[in-house]
Every structure is written in structure tokens, then in C-alpha cells.
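Here's the structure, in C-alpha cells; my notes come after.
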Amino acid sequence: MSEPVLATRNLCKTFNALVATDDVSIDLKPGEIHAIIGPNGAGKSTLIGQICGGIKPDAGSVHLGDSDVTNFSTAERAQAGLGRTFQISALAMEDTVLENVLLGVVGRSAKPWRFWSPALKARDLIESSMAALERVGLAEVCDQVTANLSHGQRRQLEVAVALALTPKAFVMDEPMAGLGAEGSHSMTDFLSELRHEAPILLVEHDMDAVFALADRISVLVYGRIIASGSVDEIKASKKVREAYLGEET
Amino acid sequence: MIREGYINAIVLFGFLLIPICALIIEEPYTITLATRAAVLALAAVGLNIALGIGGLVSLGHAVFFGLGGYAMGILAFHAQNYIPVELGPLTINGTKSMPIIWLTAVLVSAFAALIIGLLSLRTTGVYFIMITLAFGQMFFFFSISWSAYGGEDGLSIYVRNVFPGVNTLVPIQFFGLCFTALCVALFVQSRLRASIFGLVLNSARQTPVRAETVGLNPMRLKLLAFVISGAITGLAGALFADLNRFVSPTMFSWQLSGELIVLIIIGGVGRLAGPVIGSALFVTLEHFLGEFTDFWHIWLGLILLLIVLFARGGIIGILTGKDGPHV
Ligand SMILES: Nc1ncnc2c1ncn2[C@@H]1O[C@H](COP(=O)(O)OP(=O)(O)OP(=O)(O)O)[C@@H](O)[C@H]1O
Ligand SMILES: [Mg+2]
């Protein structure tokens with residue numbers, strides 16, 4: 001088996017009395033999409049926060065490639081190769097679409113200390129940004145102010161910013177949320193290809209998308225991984241159906 | 001609506017026209033008022049970099065204004081009394097040369113901004129406002145008790161300092177110096193805003209988590225913005241002291257920090273010409289209403305209220321029809 005790109009070992013996190021992450025060990029191997037599913041409030045976003053930084057685990061560790069990044073800041077983890085998208089878009093709403101992606105490109109170059117030459121004339125940076133926008137289908141609206149984008153376009157822009165980082169692993173929190181059937185479809189196609197560039201840890205509520213995309217699924221309930229396996233295994237698991245899928249069907 | 005670039009040009013041109021007209025009709029006091037407005041605008045341009053681009057609501061920018069003022073006051077005081085400044089083992093001669101005074105003002109305020117920034121940028125929101133305010137008060141009370149340099153009474157300088165090739169005693173020439181400094185600062189700000197640093201800083205203001213998740217450290221970006229900002233406000237302080245030939249603890253007062261914020265909000269937060277319009281309006285009101293009533297601040301307050309309620313982009317926002325540079 002190939003070495004995981006990203007892994008957590010025995011992560012634990014409690015908020016006061018609430019156990020949000022309970023001994024979670026997952027990994028992400030090259031070329032795969034590993035989906036994390038679970039009911040609302042199961043602790044998916046909290047888990048992602050611990051992987052990407054911002055939420056400090058009470059115990060356990062996070063590994064990216066060979067390095068233990070548990071004590072890295074969010075920025076250092078991004079530098080080390082984590083590309084994250086947010087469940088609730090965290091974009092610079094006053095800026096244009098292009099400027100938002102440019103931020104990702106600058107982040108990757110780790111050289112924000114350029115004070116004199118205009119950012120929008122830095123040809124190399126603009127080209128990388130446009131390439132990322134092209135891929136998510138936002139190239140035409142590159143000059144629009146982000147606040148004017150539709151919800152779906154903002155989701156795409158989230159992904160474009162992460163693409164601009166050319167990370168070693170993607171961590172995506174509900175990229176399909178609110179996309180509608182058609183948007184969901186094209187995003188599914190897109191992510192399906194993207195996994196070959198860098199594996200994706202995917203948190204998603206859209207079951208059709210998850211079943212279409214995932215190489216592996218882990219089910220998180222009350223902060224615990226109750227099952228982990230292939231799509232068919234998860235579909236067949238009685239435990240999962242009782243705890244989670246059963247509620248819906 | 002009018003493009004912002006044109007408005008900026010018109011504002012600056014108009015600003016230049018007033019003292020020129022005053023010169024023609026021989027109204028030297030108006031030139032002094034215009035100089036005062038230019039210097040306050042310069043101080044506010046400094047703050048606008050921290051506040052408008054970086055989102056740092058500093059209620060302590062009077063620290064840098066005051067430091068610039070005292071840099072001028074102390075150096076000129078020693079020069080006019082022919083006593084060197086004793087800094088421990090180091091002795092420095094005082095000077096009446098503006099370039100040296102300005103450089104000192106800029107370096108001292110930049111250093112102060114670095115230290116204050118390092119200590120206060122760990123906090124955000126109201127806490128940041130409070131910490132910067134506290135630093136302002138610290139400097140204020142220190143200057144009051146610093147009897148070597150006049151304490152509460154401040155320091156008077158007999159003759160305005162000198163600048164090579166300029167007769168600074170002639171009001172219009174001194175105005176020219178201050179106006180040039182203002183234009184240079186505005187140029188620096190516009191380059192900075194359009195640069196990669198400016199872009200990233202501006203995004204970090206809107207969404208700090210995003211800056212972090214792309215691998216940037218918002219704290220460092222903000223710290224640098226704060227230092228640049230403090231340095232420009234410090235330069236304004238040196239000019240302000242030279243304009244009045246007087247420095248006193250009021251330059252460190254929190255009211256001054258507050259006024260700088262008010263100027264910016266009235267003109268337009270983050271907008272290039274915002275502080276210039278705000279300051280021109282401020283000095284005009286202060287002068288004309290101040291003649292009739294001691295309570296002219298009420299009118300300023302009313303304008304501020306109207307702007308905050310109905311025109312979030314300030315006067316520049318009204319003129320361009322846009323609340324922000326893009327939106
Ligand atoms: N900062 C916090 N302080 C206290 N409780 C929190 C905090 N963040 C999250 N929680 C709680 O932890 C639990 C897990 O939240 P989390 O956002 O991780 O769930 P989720 O699986 O992402 O849910 P959703 O599907 O709705 O996005 C929830 O009960 C939530 O209320
Ligand atoms: Mg969530």
C-alpha cells in the first residue's frame with residue numbers, strides 16, 4: 001500500500017461536555033477521494049478544523065506526508081501543502097473574482113512582500129489565476145465583484161482558490177452545498193478528475209455525489225468513526241443504516 | 001457617476017487652488033489653514049493605510065503624530081539653545097534641518113509602531129481599539145510629566161526649521177512642502193494598495209481565515225501596514241509642529257486620534273482622497289463654525305452621523321456612487 005498523504009491519529013476534541021471528535025484516525029492515500037459523511041453536528045467541520053488548523057485538538061496528531069503538522073499554524077499547514085475549501089464561503093466579498101484567486105497564487109509563492117509593482121500586472125500570477133478560474137468555469141466573470149456572484153459561483157470560486165495553491169491534498173467541506181442538481185453534477189465530474197492531481201478528503205451531505213465519487217467512505221456519528229469502507233460496504237452496513245442512512249430512507 | 005481617479009485629481013487640484021487664490025487676494029491666514037488641512041490629511045493618509053486597507057481601527061495614532069512632533073520639538077529646541085542631546089553615552093547635536101527632522105520623526109514613529117503593533121495586533125476588534133487607546137494615553141501622560149521639554153506647557157520653537165532651497169518662513173512655500181509631502185504619501189498609498197502586498201492585506205482584512213488557509217500570516221501583513229501607517233502619521237506630526245512652531249502633549253491626545261478616524265470616515269474609509277476631503281471639511285468647519293460657537297463639533301458630529309447612517313463610502317462614496325473601491 002502506498003503511504004498516506006494525509007493522516008490523523010487518535011484525534012480527540014471536546015467542547016465543554018460535548019465530545020465533537022472522539023479518537024478519530026483516518027488517512028488519505030494518493031489518488032483517492034475519501035468521503036466523510038455523518039448527520040448534522042456529527043463533528044465533520046470540527047475534524048476539518050483540526051486537520052487544517054484553527055481548532056487545536058485535545059489529543060492526537062495530524063500528519064502531512066512525513067511530517068507531523070499538529071503544532072503547525074494554519075498558514076504553515078497550507079505552506080506544507082493543504083488546500084482547504086470552507087463549508088461557508090470565506091471569500092473577500094469586496095474583491096473581484098480574479099483577486100480572490102490571486103490570493104491563492106500569492107499564498108503558494110509565499111511572497112506577499114511586493115510593495116510597488118501592481119498585482120494585476122504580474123503576468124505570471126495572473127496566468128496561474130486565470131488557469132484556475134478556467135478550470136472551474138469562472139473565467140468569464142473574472143472581473144466581477146465576488147459579492148455579486150451567485151451562491152453556486154462562490155462555491156466554484158472556493159474550489160478555484162484551493163486549486164491555485166496546487167496543494168498535496170485537498171480538504172473540502174461540503175463543496176456541493178446549495179449547488180442544485182446541475183451544479184452538483186458538474187462539480188462531481190470535476191472532483192472526479194481532480195483526485196488524480198491530489199487526493200481529496202471530502203465532507204459532503206449529497207449522497208449521490210458521495211456514492212459517485214468516493215473510493216472510501218468513513219461515517220462519523222457523535223464524533224466517532226462508526227464505519228469505514230468502500231461505497232458498497234457502507235451501503236450494505238447495517239450499523240450505518242441504523243445510525244445514519246436509516247434516518248433518511 | 002464620476003470615476004474615482006478623476007475625483008482624486010479634482011480634489012487635489014482644488015486643494016492646491018485655495019492657497020494660491022489666497023495668495024493672490026493676500027489672505028495669508030487662509031494659506032495657514034490650508035497648510036493645517038494638508039498636514040492633518042497627511043496624518044489621516046497614514047491612518048487610512050492601517051484602517052482602510054488593513055482594517056485596523058487604531059485609536060492611538062496620536063502616538064505617532066506626537067512622536068513626530070516631539071522629534072521636531074526636541075531637535076529644534078536643542079539647536080536653538082546650542083545644547084547637544086544627551087542619549088546615555090551618545091551625544092547628538094540638535095538640528096533645524098527639516099530633512100533630518102523628518103527622517104528622525106519617521107524612524108522613531110515606525111519603531112514605536114513596530115513595538116505597539118507587536119503588542120496590540122494579537123487582539124482584534126474592541127480590544128485592539130482599547131489597547132491602542134491605552135498606548136496613546138501612556139504617551140500623553142508621559143509627555144505631560146516630561147518637564148525637560150516643557151511638560152504640560154509644551155515647547156516653543158522660535159523660528160521655523162529650514163529646508164534646502166525653500167524659504168519655509170513664507171507661508172505659501174511651507175504649504176508647498178506640506179502639500180508635496182501629502183501627494184507623495186498618496187502616491188505611495190496608491191502603489192501600495194495596487195501591489196501584491198496591498199491586495200493581500202486588503203483580503204486579510206475582509207477574511208483573515210482565508211489568508212491563513214492560503215498560507216499567509218495576517219498578523220505579519222498587518223504589522224507591516226501598521227508600521228508604514230505610523231511612519232507617515234509621524235511625518236505629519238513633525239510638519240504639524242513646524243506649522244505651529246509649537247509642540248505640546250495635546251498632539252498625543254486621544255481626541256486627536258479620534259479626529260483622524262472621523263476625517264477618514266467622512267471622506268471615505270480606504271479611499272485615496274478620503275482623508276483629503278475629510279480634512280478640508282474638518283478645518284473649514286473648525287474655522288468658520290468655530291468663530292460663532294464653541295460647540296462646532298456638534299455639526300461635525302451630525303455630518304458624521306449622516307454619513308455613517310446613509311453613505312458608508314463617505315463623501316467619495318457619494319461622488320462615485322460606490323460604497324467601496326469595487327462595489
Ligand atoms: N466552537 C465551538 N464551541 C462549542 N461547540 C462547538 C463549537 N464548534 C462546534 N461545536 C459543536 O460541535 C458539534 C460538531 O459541530 P460541527 O460543525 O463539526 O458539525 P458538522 O458535522 O460539521 O455539522 P454540519 O453537517 O451541520 O456542518 C456540534 O454539536 C456543534 O454545535
Ligand atoms: Mg460542517
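For all residues, glycine too, the Cβ spot is worked out from N, Cα and C.
Here TrEMBL flags B:7-25, B:37-57, B:62-80, B:100-119, B:126-149, B:169-188, B:223-241, B:261-283, B:295-319 as transmembrane segment.
With a threshold of 8 Å between CB atoms, the same-chain residues lying at least 6 positions outside the transmembrane segment (B:261-283) that come near it are 4, 7-8, 11-12, 15, 33-34, 36-38, 40-41, 44-45, 47-48, 51-53, 57, 59, 182, 186, 189-190, 193, 300, 303-304, 307-308, 313-317, 324-325. The stretch in B:62-80, B:126-149, B:169-188, B:223-241, B:295-319 that contributes the largest number of Cβ pairs under 8 Å to the transmembrane segment (B:100-119) is B:223-241. Same-chain residues lying 6 or more positions outside the transmembrane segment (B:37-57) and placing a CB less than 8 Å from one of its CB atoms are 15, 64-65, 121, 128-129, 175, 178-179, 181-182, 185-186, 189, 192-193, 198, 201-202, 204-206, 221-222, 225-226, 228-237, 239-240, 243, 259-261, 263-264, 267, 269-271, 274-276, 278-280, 282-284. For the transmembrane segment (B:62-80), the list of distant contacts is 43, 46, 93-96, 100-101, 104-106, 108-109, 112-113, 116, 132, 135-136, 139-140, 143, 149, 154-155, 157-159, 161, 229-231, 233-242, 246-247, 249, 251-254, 256-257, 260: same-chain residues at least six beyond its ends, Cβ to Cβ under 8 Å. Long-range contacts of the transmembrane segment (B:7-25) within the same chain, counting only residues at least 6 positions beyond its ends with a Cβ under 8 Å from a Cβ of the stretch, are 31, 34-35, 37-38, 171-172, 175, 179, 183, 186, 272-273, 276-277, 280, 316, 319-320.
When Cβ-Cβ distances below 8 Å are used as the criterion, the transmembrane segment (B:223-241) is approached by residues 36, 39-40, 42-43, 45-51, 53-54, 56, 58, 61, 63-73, 98, 101-102, 104-110, 112-114, 116-118, 121, 157, 177-178, 181, 185, 188, 192, 197, 201, 247, 251, 260 of the same chain, each at least six residues removed from its ends.
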